[in-house]
Amino acid sequence: MVMEKPSPLLVGREFVRQYYTLLNQAPDMLHRFYGKNSSYVHGGLDSNGKPADAVYGQKEIHRKVMSQNFTNCHTKIRHVDAHATLNDGVVVQVMGLLSNNNQALRRFMQTFVLAPEGSVANKFYVHNDIFRYQDEVFGGFVTEPQEESEEEVEEPEERQQTPEVVPDDSGTFYDQAVVSNDMEEHLEEPVAEPEPDPEPEPEQEPVSEIQEEKPEPVLEETVPEDAQKSSSPAPADIAQTVQEDLRTFSWASVTSKNLPPSGAVPVTGIPPHVVKVPASQPRPESKPESQIPPQRPQRDQRVREQRINIPPQRGPRPIREAGEQGDIEPRRMVRHPDSHQLFIGNLPHEVDKSELKDFFQSYGNVVELRINSGGKLPNFGFVVFDDSEPVQKVLSNRPIMFRGEVRLNVEEKKTRAAREGDRRDNRLRGPGGPRGGLGGGMRGPPRGGMVQKPGFGVGRGLAPRQ
């Protein structure tokens, strides 16, 4: 029976899932995805302030990866593209966010070129790997808070725990046959069914081991589940077809034999499996811990300076600021009556202005929209309508659900006098709330309750590697 080659997209998705799992659990094994002629570029600048040069070969790539100090990395994959390229290779482009050592998530883009390994059909290694952080290219510090994105990041990571890394020094390769779509719903790109591009199954282990694992057709457990998650029916059909034809090469069958009952994947003695795909290096998203700390304080310092300088600016030049562009202060919209404006809080950190504007356009004509993404998280913003009627319509329809799942904090825009009055009241009340009224016993619990955020931080990631 002739095996049908998986589509490039299925290969790309499976590779991305396996690669980023390894980045989280055993970054010291990443070099096995590469070969002696592989090149690796991981953003950043050298000591002279120039873009860092690429490194070549497994040894240098391993040294470079270890210099990044990847610890407890978390990755949120937003989009994966994959196309067939020369000599039966596959080009994979990944866009998402990466957090290193529980720092804020940073947007990144990574491109892999997967080349056939040659010794076995449907085996690939990473020939080229280019990684860049978005803030390094466009400036600014584009981040998302680790707490908010934790839920999305955690779920894929739990799925990714199943892949086991093969400790072969010969190089880690990716098995195309085992194409299970364990990525988040974000990865719902349509799969081009016609493309029969060879997408190797990343079986890093010796051929003998692969043959031993062939008997168990476990693909059905992983692929159908993933196919359902993919919004486009085409990927689901392809995934099912590949599963039926390639059951003997199922990555799941390999891992099911070696994984402990709990499903935890050992970091060091990783059982042989086809997970070692040389294509994805989301780890790069998380810059070395040594680099991140200096940047965050600078950003926090800038934010503090802005907050300190803003109050005096509001009074003297409200009209000038109304025309300025920026995401920090709402005073730019002073030229519009307060009755035409709405304050919007709890905005998703990746929200786009055009998307938000289209959402509120259903209530009335939006003449201006601003999002504050440079201060404390989560983001907030202001929407300005050409009339007060849309404002009242929005307020009467509260709660406002954005994307059907995010509840926005929508309030009337307060005048400066009202805001200052609220601040004075808060200062007089203090952190414990108004004195008198409620008994002392009532003040303690609320404060304690506000400290802990159930759902965030719980299971934030795997335990740090020993």
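Cβ from N, Cα, C; glycine included.
Copied from Swiss-Prot, the annotated features are:
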- 145-157: compositional bias 'Acidic residues' (COMPBIAS)
- 185-206: compositional bias 'Acidic residues' (COMPBIAS)
- 297-307: compositional bias 'Basic and acidic residues' (COMPBIAS)
- 318-329: compositional bias 'Basic and acidic residues' (COMPBIAS)
- 413-428: compositional bias 'Basic and acidic residues' (COMPBIAS)
- LYS36: ubiquitin cross-link (CROSSLNK)
- LYS50: ubiquitin cross-link (CROSSLNK)
- LYS59: ubiquitin cross-link (CROSSLNK)
- LYS64: ubiquitin cross-link (CROSSLNK)
- LYS76: ubiquitin cross-link (CROSSLNK)
- LYS123: ubiquitin cross-link (CROSSLNK)
- LYS353: ubiquitin cross-link (CROSSLNK)
- LYS357: ubiquitin cross-link (CROSSLNK)
- LYS376: ubiquitin cross-link (CROSSLNK)
- LYS393: ubiquitin cross-link (CROSSLNK)
- 11-133: domain 'NTF2' (DOMAIN)
- THR143: phosphothreonine (MOD_RES)
- SER231: phosphoserine (MOD_RES)
- SER232: phosphoserine (MOD_RES)
- SER250: phosphoserine (MOD_RES)
- SER373: phosphoserine (MOD_RES)
- LYS376: N6-acetyllysine (MOD_RES)
- ARG429: asymmetric dimethylarginine (MOD_RES)
- ARG435: asymmetric dimethylarginine (MOD_RES)
- ARG447: omega-N-methylarginine (MOD_RES)
- ARG460: dimethylated arginine (MOD_RES)
- ARG460: omega-N-methylarginine (MOD_RES)
- ARG465: omega-N-methylarginine (MOD_RES)
- 144-172: region 'Disordered' (REGION)
- 184-243: region 'Disordered' (REGION)
- 255-329: region 'Disordered' (REGION)
- 410-466: region 'RG-rich region' (REGION)
- 413-466: region 'Disordered' (REGION)
Per-residue Cβ crowding (10 Å cut-off), top of recorded sites LYS59, LYS123: LYS123
LYS393 (ubiquitin cross-link) CB neighbourhood, other CB atoms within 10 A: 14
Neighbour-count leader, CB within 10 A, recorded sites: LYS76, LYS357: LYS76
Counts by DSSP class (helix H/G/I, strand E/B, coil) across the domain 'NTF2' (11-133): 36 helix, 59 strand, 28 coil
Which recorded sites sit within 10 Å of LYS64 (ubiquitin cross-link) - Cα, from LYS36, LYS50, LYS76, LYS123, LYS357, LYS393: none
Among LYS36, LYS353 [recorded sites], residue with fewest other Cβ within 10 Å: LYS36
Length of the line joining the Cα atoms of LYS76 (ubiquitin cross-link) and LYS357 (ubiquitin cross-link), in Å: 25
Cα-to-Cα gap, LYS357 (ubiquitin cross-link) vs LYS36 (ubiquitin cross-link), nearest whole Å: 50
